[in-house]
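Enquirer: So that we are looking at the same thing, I have put the structure below in structure tokens.
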Amino acid sequence: MSHIPRQITTLRATSVIISTVIGVNILSFPRYMANAGGSGAPLVAIGGTALAFVGLLPAVLLCQRFPRENLFLFSRRLIGRVPADLLTAIVCLLFLVVTALTARQFGEVALIVLFRKTPIEAVILILLLLCLFASRRGVIKFAQIHFFYLPLIILPLAGIILASLRDIDHLNLLPVISGNVHSFFKGSVASSSLYQSSFIFILLVPFMKRPRRTLGVMSAAVGTIGVLYALIAASVVGMFGAEETKLLFYPTLEAARSTSIGGNVLERLDALFIIIWVFSVFTSAYSTFYLSAYSLRTLLSLRDQRSACSFLLPVVFLLSLVPKNIFETYSAAYSMALANLYIMIYPLVLYVVAVVRKKRGTPQ
């Protein structure tokens with residue numbers, strides 16, 4: 001793969017990870033953090049960030065060891081083609097399900113907030129078609145699209161968070177540590193699953209100008225997201241209190257509705273927040289769909305992922321319609337936290353094999 005043009009900068013790689021991870025769960029995750037940690041919800045979010053970073057380290061070190069190939073290719077040299085392709089197929093299936101659940105959650109929220117009389121199938125299909133057309137391009141174009149959307153997501157989001165912090169009651173955030181250790185750890189594990197889509201970085205490394213900076217890219221991305229998540233948890237719990245946050249289905253949206261800027265200039269920020277959320281859902285679903293299509297392309301040895309995208313679209317669409325209602329949808333999404341274990345263990349096993357067998361890719 002030495003012919004690959006290395007055009008993805010460190011900044012663009014970081015932007016891909018950030019815009020991928022900040023997605024559909026931003027509306028509801030403070031409720032899970034409050035259930036686990038009570039008034040210590042921000043600390044639970046920080047704990048999840050730390051766990052996610054530790055879990056991603058083996059994959060980062062592995063990709064730095066093979067800077068000219070993606071994980072799907074060099075895994076064949078490490079453990080053999082058949083076992084590697086089987087594990088790659090599992091990755092494809094996992095992120096296919098993640099894409100389907102993301103699309104379904106998007107449809108559920110869109111029906112409540114935006115399109116009350118529109119069939120949910122139509123809303124889901126529109127999102128998936130956007131992902132399909134965008135996924136037909138190569139990895140470099142993929143990174144450019146994320147780089148374009150990141151400022152549209154992160155700058156308004158940061159502004160809303162800072163505005164909402166003015167309205168919090170600091171007593172709602174005390175004590176800083178509440179609940180038991182088991183509940184805190186369980187919440188941190190659930191919080192770490194929010195970062196599972198950052199696995200997309202394995203496709204970026206062979207195209208990066210400086211692949212040896214992958215660890216720095218991941219540190220910057222996870223750190224930025226962790227700060228945003230902790231601030232969101234703090235603003236929501238600080239505004240409503242832990243007990244009320246547990247009762248709100250979309251606590252972040254309610255916090256945006258209760259926030260104003262400049263007196264009567266912007267009395268409610270929920271409309272702006274929904275726009276940001278739509279952008280973030282697209283970039284998140286785009287990445288997970290792209291990763292599934294790319295892994296299928298590798299399995300079938302296709303020249304590009306266009307035909308893989310076309311094949312996967314109806315599969316994702318049908319999977320998104322499996323949950324019978326909104327409660328089954330969110331229950332399935334919460335259960336997908338178990339997939340995070342696979343994302344952590346699979347690269348760890350490959351890294352151990354690479355070290356034991358003294359395998360290393362071509363130097364950059």
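Glycine residues also receive a Cβ, built from the backbone N, Cα and C atoms like all the rest.
The annotation transmembrane segment is assigned in TrEMBL to 12-29, 41-63, 84-103, 109-135, 147-165, 185-205, 217-242, 271-296, 308-327, 333-356.
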Enquirer: Tell me if the transmembrane segment (147-165) touches the transmembrane segment (84-103). I count contact as 3 or more CB pairs below 8 A, with pairs 6 or more residues apart.
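Expert: Not in contact, no.
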Enquirer: For the transmembrane segment (217-242), could you work out the same-chain residues 6 or more beyond its ends whose Cβ comes under 8 Å from its Cβ atoms?
Expert: 10, 13-14, 17-18, 21-22, 26, 29-30, 33-34, 38-39, 41-42, 44-46, 48-50, 52-53, 56, 60, 154, 157-158, 161, 164-165, 167-170, 172-173, 178, 191, 194-195, 198, 201, 208, 248, 251-252, 254-255, 258
Enquirer: What else in the chain is close to the transmembrane segment (271-296), if you only count residues 6 or more beyond its ends and a Cβ gap under 8 Å?
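Expert: 16, 19-24, 26-27, 70, 72, 88-89, 91-93, 95-96, 98-99, 102-103, 106, 109, 113-114, 127-128, 130-132, 134-135, 139, 142, 145-146, 149, 152-153, 156-157, 160, 197, 199-200, 203, 252-253, 256, 302, 305, 308-309, 311-312, 316.
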Enquirer: Take the transmembrane segment (109-135) and find every residue of the same chain, 6 or more past its ends, with a Cβ under 8 Å from one of its Cβ atoms.
Expert: 24, 27, 99, 103, 142, 145, 250, 253, 274, 277, 281-282, 285-286, 289-290, 293, 305, 309-310, 313, 316-317, 320-321
Enquirer: Short question: most Cβ pairs under 8 Å with the transmembrane segment (147-165), which of 12-29, 185-205, 333-356?
Expert: 12-29
Enquirer: The transmembrane segment (12-29): which same-chain residues, six or more beyond its ends, come within Cβ distance under 8 Å?
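Expert: Contacts with the transmembrane segment (12-29): 45, 102, 105-106, 109, 142-144, 146-147, 149-150, 153-154, 157, 191, 194-195, 197-198, 200-201, 204, 208, 214, 217-218, 220-222, 224-225, 228-229, 232-233, 249-253, 277, 280-281, 283-285, 287-288, 330, 333.
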